[in-house]
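*Asks:* Below are the features I grabbed from Swiss-Prot:
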LIPID     Gly2  N-myristoyl glycine
TOPO_DOM  2-17  topological domain 'Extracellular'
TRANSMEM  18-32  transmembrane segment
TRANSMEM  34-53  transmembrane segment
TOPO_DOM  54-58  topological domain 'Extracellular'
BINDING   Cys57, His483, Cys491, Cys493  Zn(2+) 1 binding site
TOPO_DOM  59-448  topological domain 'Extracellular'
CARBOHYD  Asn75  N-linked glycosylation site
DISULFID  Cys87-Cys250  disulfide bond
CARBOHYD  Asn90  N-linked glycosylation site
CARBOHYD  Asn101  N-linked glycosylation site
CARBOHYD  Asn112  N-linked glycosylation site
CARBOHYD  Asn117  N-linked glycosylation site
CARBOHYD  Asn133  N-linked glycosylation site
CARBOHYD  Asn182  N-linked glycosylation site
CARBOHYD  Asn218  N-linked glycosylation site
DISULFID  Cys295-Cys308  disulfide bond
DISULFID  Cys317-Cys326  disulfide bond
DISULFID  Cys380-Cys401  disulfide bond
CARBOHYD  Asn381  N-linked glycosylation site
CARBOHYD  Asn389  N-linked glycosylation site
CARBOHYD  Asn406  N-linked glycosylation site
CARBOHYD  Asn411  N-linked glycosylation site
TRANSMEM  449-469  transmembrane segment
TOPO_DOM  470-510  topological domain 'Cytoplasmic'
Amino acid sequence: MGQFITLMQSIPEALNMAFNVALVIVSLLCVTKGLINLWKCGIIQLLMFLALAGRSCDGEYKIDRRHVLSHVEFNLTRMFDNLPQSCSINNTHHYYKGPENTTWGVELTLTNTSVMNRSDENVTSIRSLGFGNITNCDKTGEAGHTLKWLLNELHFTVLHVTRHIGALCRTTAGAGLLIQYNLTTSDKGGEVGRHLIASLAQIIGDNKAAWVGKCYNNCTSSGKCSLTNCEGGTHYKFLVIQNTTWPNHCSYSPMSTVRMIIQKTAYSSVSRKLLGFFTWDISDSSGQHVPGGYCLEQWAIVWAGIKCFDNSVMAKCNKDHNEEFCDTMRLFDFNQNAIKTLQLNVENSLNLMKKSINGLISDSLVIRNSLKQLAKIPYCNYTKFWYVNDTITGKHSLPQCWLVSNGSYLNETHFKNEWLWESQKLYNDMLLKEYEERQGNTPLALADLCFWSLVFFTTTVFFQLIGIPTHRHLIGEGCPKPHRLTSNSLCSCGFYKIPKKPFRWVRKGK
């Protein structure tokens with residue numbers, strides 16, 4: 001009886017506490033709902049749009065309130081610092097720089113004027129370049145390895161030719177390296193000069209194909225002319241190879257060297273599958289490995305700092321093997337392990353790198369990108385990759401290759417559908433993971449029902465609101481996000497260039 005009386009006496013106190021809690025909850029809900037309504041009505045977005053209309057659109061591309069488009073750009077210079085690197089000033093002057101921090105290089109020049117005269121200096125004909133035997137020609141002592149490697153690739157790897165009647169070299173001691181090919185001379189095995197220039201085009205890249213292709217201009221009596229009998233040749237008569245200093249002739253890149261190494265792989269008709277998996281791990285500032293992902297060190301990327309990707313991204317690489325980003329990651333991983341375990345000289349390092357690239361890079365991807373490059377379709381150069389970054393959780397999507405067209409990277413607007421799709425996939429993966437974690441810890445009970453009921457009620461209230469328009473939308477065009485159109489229908493980023501196009505005001509999300 002006494003316990004019952006005590007219980008009845010405590011009811012008012014309990015009710016008073018419950019009412020206080022209810023008032024706090026209602027107050028929080030009202031404030032929260034008021035802020036949400038203020039944001040959802042569109043007045044803040046309208047003021048921001050009017051303040052920023054016509055400004056530059058070069059900032060980061062925000063997909064939504066938590067996803068932004070980011071990218072990582074690789075620095076391949078250190079990875080391939082034991083390989084010669086090349087660049088081109090124009091269609092006639094090309095350079096190969098020696099490995100690492102050397103100050104010398106090899107210059108390749110296409111010209112119509114011969115630089116050799118048998119009567120003025122010591123000149124010998126090169127009858128055989130078997131095994132890179134250029135001892136009599138190379139008087140520099142330091143460029144020998146690079147020169148032998150270059151000639152071997154030109155003659156054996158690409159051409160399978162060991163002789164060239166029109167090749168001359170200077171043998172004067174102390175005069176430096178000088179080799180001249182007569183591109184108009186052919187031996188009994190075929191038009192070696194024509195094949196030589198075609199192989200040089202493959203090495204330098206498709207963008208230098210302007211001087212590959214010779215046509216005859218046939219004109220009729222009526223004055224009409226047409227190009228006929230086009231061949232894979234050049235109108236230049238001589239290819240001159242000589243040693244030179246390296247005062248930064250042009251911005252060199254190892255990609256031409258990599259293209260030379262993998263060019264046979266690009267034309268392979270048999271596809272390989274990787275036989276093993278790589279162990280991805282994360283390294284802290286002291287170099288200790290911590291499980292949980294993979295970090296690119298400072299030397300591997302263009303800007304300073306360390307960029308890490310979690311295990312979910314790396315797991316996709318180990319599962320599918322069908323992305324250029326995964327190929328590049330395997331090259332970095334191989335390079336890192338090779339540095340730790342191997343002490344090789346330059347030639348052995350080069351041979352090992354050639355075998356590793358042929359064994360690691362997926363044939364199907366190389367073939368696909370090579371065909372795209374030949375067809376003038378945007379292709380991947382294995383250097384720059386974009387990904388979607390969740391600014392709240394720090395999660396990333398699997399990086400995709402940033403395609404190249406006409407020697408420059410595509411603008412973000414050209415692949416907007418791709419990064420929007422990656423954002424949606426990242427959302428789905430995160431929601432699925434959160435749902436599985438919640439189901440594993442607690443079942444969907446009363447708290448979940450209350451939460452989803454509140455979300456449903458709030459959503460139905462929002463549907464009844466009439467919002468304020470937030471931005472200009474060109475009639476008949478896609479949504480201009482994130483372009484800030486002026487009253488003349490223009491944007492300073494240059495994507496919308498036609499003025500006075502009809503537009504209408506729309507609300508965000510419509």
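Cβ coordinates come from backbone N, Cα and C, glycine included.
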*Asks:* Consider the recorded positions Asn75, Cys87, Asn112, Cys326, Cys401 and say which one has the Cα lying nearest the Cα of Asn381 (N-linked glycosylation site).
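*Replies:* Spatially nearest to Asn381 (N-linked glycosylation site) by Cα position is Cys401.
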*Asks:* Between the Cα atoms of Asn112 (N-linked glycosylation site) and Asn182 (N-linked glycosylation site), what distance do you get, rounded to the nearest Å?
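*Replies:* Approximately 10 Å lies between the Cα of Asn112 (N-linked glycosylation site) and that of Asn182 (N-linked glycosylation site).
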*Asks:* Taking the Cβ of Asn90 (N-linked glycosylation site) as the reference point, list residues of the same chain whose Cβ is under 8 angstroms away and which are at least six residues distant in sequence.
*Replies:* none
*Asks:* At the Cα level, what's the spacing in Å between Asn411 (N-linked glycosylation site) and Cys401 (disulfide bond), rounded?
*Replies:* 13
*Asks:* With every protein chain in view, how many other Cβ atoms are within 10 Å of the Cβ of Asn406 (N-linked glycosylation site)?
*Replies:* 8
*Asks:* Select the most exposed residue of Asn75, Asn112, Asn182, Asn381, Asn389, where exposure means the fewest other Cβ atoms within 10 Å, treating these as the glycosylation sites.
*Replies:* Asn112
*Asks:* With Asn406 (N-linked glycosylation site) as the reference Cα, tell me which of the recorded positions Asn75, Cys87, Cys308, Cys317, Asn389 is the closest one.
*Replies:* Cys87
*Asks:* Using Cys380 (disulfide bond) as the reference point, find which of the recorded positions Asn75, Asn182, Cys250, Cys326, Asn389 has the shortest Cα-to-Cα distance to it.
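*Replies:* With Cα distances computed to Cys380 (disulfide bond), the winner among Asn75, Asn182, Cys250, Cys326, Asn389 is Cys326.
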*Asks:* Rounded to a whole number, how many Å is the Cα of Cys401 (disulfide bond) away from the Cα of Cys250 (disulfide bond)?
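*Replies:* Cα-Cα, rounded: 26 Å.
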*Asks:* Going by DSSP, is Cys317 (disulfide bond) part of a helix, a strand, or coil?
*Replies:* helix
*Asks:* Going by DSSP, give the three-state secondary structure for Cys380 (disulfide bond).
*Replies:* coil
*Asks:* Determine, using Cα-Cα distances only, which of these recorded positions is closest to Asn389 (N-linked glycosylation site): Asn182, Cys250, Cys308, Cys317, Cys326.
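*Replies:* Going through Asn182, Cys250, Cys308, Cys317, Cys326 one by one, the closest to Asn389 (N-linked glycosylation site) is Cys308.
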*Asks:* Which of the three DSSP states, helix, strand or coil, fits Cys308 (disulfide bond)?
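*Replies:* Cys308 (disulfide bond) sits in a strand per DSSP.
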*Asks:* Could you tell me the C-alpha distance between Asn75 (N-linked glycosylation site) and Cys308 (disulfide bond) in angstrom, no decimals?
*Replies:* 15
*Asks:* Measuring CA to CA, name the entry from the recorded positions Cys87, Asn182, Cys250, Cys308 that ends up nearest Cys317 (disulfide bond).
*Replies:* Cys308
*Asks:* So if I draw a 10 Å sphere around the Cβ of Cys401 (disulfide bond), how many other Cβ atoms end up inside it?
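*Replies:* A 10 Å sphere around the Cβ of Cys401 (disulfide bond) contains 21 other Cβ atoms.
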